[in-house]
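The structure under discussion appears below in the form of structure tokens.
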Amino acid sequence: MMGDHSSIDMPRSEEGVQTEKTPLLHKGSDPVQKLLKKKKNITDGSKSFLGTEDVEKFDAVGRALVAEFLGTMLLVVVGCGACVGSDVAQPTTLSIALAFGFIIASVVQMIGHISGAHINPAVTIGLLACGRIGLIMSILYIPFQLAGAVAGAALLQYLVPELKKDAIGVVSVGAGLTEGQAFAVEAVITAVLLLVVCAVTDPNRSDLANSAPVAIGLAIACSHIFAVPLTGSGMNPARSFGPAAMVGQWDNQWIYWVAPLVGAACAGAVYRIIFRAPKDDDSSYDL
């Protein structure tokens, strides 16, 4: 092919003597090469979107799914457990925020190397939009996250006193807040989370120094401080679904699904298009 050679042969003259070879344009400046490179990138992007290579090793896939199940279960047990309280001490916005921030930071440190520690369908969808996970693995992750959340809520109900079994962190829209306002709150806090997640897992950055657990935990905590009084700070469809399923309380549950997914998808796309760090050998931001 043309891109495999550094020169091309010019037509022979009438005397049969070959004329001087003319060098091609500098590699990368040839319009044909650019077209071929762009076509290759599109093909690679399609493969990456499906993520068929991610499911070739069944043992690794199995470990990742188990990690997502257990990580989400721990998130619900500890985070939602902080919402229960007792006759001696009632939960505060700060205590709930710190519990969620600390447990998520711990889980990220614990299983991040196995599954990426999404433990949240919104994070999975956001990273799909950012190009960090394939569609196939995304479809596999979400049911295990939901199952882990239900298992965590069931375990939490078993652990708390009888009078507290319906107070296991079911989220609800605050008094005086409209559905539209609640939707916006959930979308915004989830978008903040996704921007942080995308930033601290950017493979082209060299300044992170294993800061992902702390940064993600802080993003979770500050979002909860803001949103707990307003919406309960769901920002995770699995976390909202597990307690609701065990208690049977589904009021405005759609907000805690649609808003985080929309916020996460938008944030993932924004990071991929605008904020991602360029590769060392590539100063462009072509998708």
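Using N, Cα and C of the backbone, Cβ positions are placed for all residues, glycine too.
As annotated by TrEMBL, region 'Disordered' applies to 1-20.
Annotation comment: TrEMBL describes 65-88 (among others) as transmembrane segment. Packing against the transmembrane segment (65-88) from elsewhere in the chain are residues 95-96, 98-100, 103-104, 107, 110-111, 114-115, 117-120, 140-141, 144-149, 151-153, 155-156, 159-161, 164, 167-169, 236, 238-239, 242-243: each is 6 or more residues past its ends and has a CB under 8 Å from a CB in it.
Taken from TrEMBL, the feature transmembrane segment applies to 94-112 (among others).
The transmembrane segment feature in TrEMBL is assigned to 133-160 (among others). Tertiary neighbourhood of the transmembrane segment (133-160): same-chain residues 48-55, 61, 64-66, 68-77, 80-81, 84, 115-116, 118-121, 124-125, 127, 167-169, 237-239, 241-243, 245-246, selected by CB-CB distance under 8 Å and a gap of 6+ residues from either end.
According to TrEMBL, the transmembrane segment annotation covers 180-200 (among others). Sequence-remote contacts of a segment are chain residues at least 6 beyond its ends whose Cβ falls under 8 Å from one of its Cβ atoms, and for the transmembrane segment (180-200) they are 122-123, 126-127, 130, 132, 173-174, 208, 211-212, 215-216, 219-220, 223, 226-227, 230-231, 233-236, 252, 255-256, 258-260, 262-264, 266-268, 270-272, 275-276.
Annotated transmembrane segment per TrEMBL: 212-234 (among others), in sequence order. Sequence-distant neighbours of the transmembrane segment (212-234) (same chain, 6+ residues past either end, Cβ-Cβ under 8 Å): 93-94, 96-98, 100-102, 104-106, 108-109, 112, 169-174, 177, 181-182, 185-186, 189, 192-193, 196-197, 199-201, 240, 255-256, 260.
TrEMBL lists 254-274 (among others) with the feature transmembrane segment.
Within its own chain, the transmembrane segment (254-274) has Cβ neighbours under 8 Å at 120-123, 125-132, 171, 173, 179, 182-195, 198-199, 231, 234-237, 240-241, 285, 287, counting only residues six or more beyond its boundaries.
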